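Asker: Right, I'll just put the structure down here and ask away after.
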């Protein structure tokens, strides 16, 4: 455990640390790009028992240096700047003085910072910005035919280092996607140029490991973290970020709304190997004391620049909540449930004006392309109950998001589209179809959707069902839901449950889409299960710790790890053990010609007796006199 300075959490007897070290049964590896460029991509290999004769299973890894035993983790220093040289080598950025941090950035902390958290010790004095007239977005490079190191990294990462993915099992229904057998850097470039994929990669977040979000790539997941006005602890937030990426979160959104927003975000960004997203309107609202009506374009613009200079990779912008759409939500069961959507709806009604986000959208886009920040166009009118699913308000906003997508693409800025929400199973595909139509195949990023409203405490399951379905239909990234959804802020355990549930949904979607090699891990686990390789079963699972814990609740002895049964059926009724015995028996019969002949004769005799049974009217034990014997 690498401890964060104890000053970050004065309420704890011992300082909170971040989890480090390899995931059980796995090792960190670095795979060289096949182009010979020197780019090395981090992955994870799950090691199997030597006696099995099976090779390691390679899996996508989001955990960054935290699972590398050779890495030195110092939270106060931050992570190595993987992309720094790539960014500067392009020659289109300049250094500028970072905007001065103000009290309102941290929730009106005074000059003495009382009630605040320590500032990150190594805050940059200079930050990067595009040179005047330049555009530093990955989409801009892609449309000029340039394959960036980020695109090359993504290609190697998506292939998991395999040279011939088509050799693996591929079976599924892709609903019109264009998933290749093998991902090349040119394929990545083309997908980004078309707007069908994004690589969130702010030039001021060089610590991030490039990843792609798009329907023709592996389905990704996002984890939300963040403090609130009633719960703020930067150490816990950094730990939740590290914990969530350990279990598979591809991106993390910092949704902080309380005090210390700026400083908390700095700690997270400097220690995050995955893209970080935010909802800037939350911080802007804090700057006006929580009064939505007092928001202005100038305050919002300043907040965007503040976060852009820190390195936020994508912004949720609720520019689709327009004044004419607000009355459409009035007849809903649950009205407007999006925080950002409700803030903008209130502002529109108070001023009886069009949203300043919509009016100034092109100016926002100018900021985005100067730092390579991707849009995550917010669904402020998403349904908050299945009764409101697929209604007029939801789809009116969706078509506006399509219009805004085209405006952003006109300036070569990357875009993904946020989606619902609460949608019953039979209405899910309509959401995907309309999004593809309205938004030109821009990546879809959905919260679930939750398929029923009756399970508070289990909404990671109600939403996991919808997430697997919509991921199969084409959603590129799934925003996790934890068991605490609708009930409270998730803690560390809730974050893990949410992430693992959504990794399951994303993987199920990859299988259903027929993604090359998606089934390799499933087949390896199935084989380990049939061969009673218990440790391999644990290690191949999404959550090895919980799998072994459940096994050990009834069979904790070390010998049980090699036993040919579990506590479900016991040694005499294990179906797989019996199947193995049947296999061995059949194998022996086939090897022994006399035994094979005897088996054939026995089968012939059984067929004859079966016919007698049919001929006698299916009566049992018929005697010579035609009477049934007792």
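Just so you know, glycine gets a Cβ as well, placed from its N, Cα and C.
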Asker: Let me know which member of 191, 403, 418 Swiss-Prot also records as binding substrate at the site of 224, 253, 282, 318, 338, 339, 340, 379, 380, 381, 382, 445.
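Answerer: Only hit among 191, 403, 418 in Swiss-Prot's substrate site, alongside 224, 253, 282, 318, 338, 339, 340, 379, 380, 381, 382, 445: 418.
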Asker: Counting only other Cβ atoms and using a 10 Å cut-off, which of the binding-site residues 382, 422, 486 scores lowest?
Answerer: 486
Asker: Of all the Cα pairs drawn from 224, 253, 282, 318, 338, 339, 340, 379, 380, 381, 382, 418, 445, the residues the record ties to substrate, which distance is largest, in Å?
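Answerer: Max span of the substrate binding residues, Cα based, is 20 Å.
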Asker: With every protein chain in view, what's the tally of Cβ atoms within 10 Å of the Cβ of residue 282 (substrate binding site), excluding that atom itself?
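Answerer: Around the Cβ of residue 282 (substrate binding site), 20 other Cβ atoms lie within 10 Å.
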Asker: Express the distance between the Cα positions of residue 338 (substrate binding site) and residue 486 (Zn(2+) binding site) as a whole number of Å.
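Answerer: Each residue's Cα considered, residue 338 (substrate binding site) and residue 486 (Zn(2+) binding site) end up 12 Å apart.
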Asker: Can you tell me how many other Cβ atoms are located within 10 Å of the Cβ belonging to residue 340 (substrate binding site)?
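Answerer: Around residue 340 (substrate binding site), other Cβ atoms within 10 Å: 23.
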Asker: Distance between residue 486 (Zn(2+) binding site) and residue 382 (substrate binding site) at the Cα atoms, whole Å?
Answerer: 15
Asker: Would you mind reading off the Cα separation of residue 380 (substrate binding site) from residue 422 (Zn(2+) binding site), to the nearest angstrom?
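Answerer: Each residue's Cα considered, residue 380 (substrate binding site) and residue 422 (Zn(2+) binding site) end up 13 Å apart.
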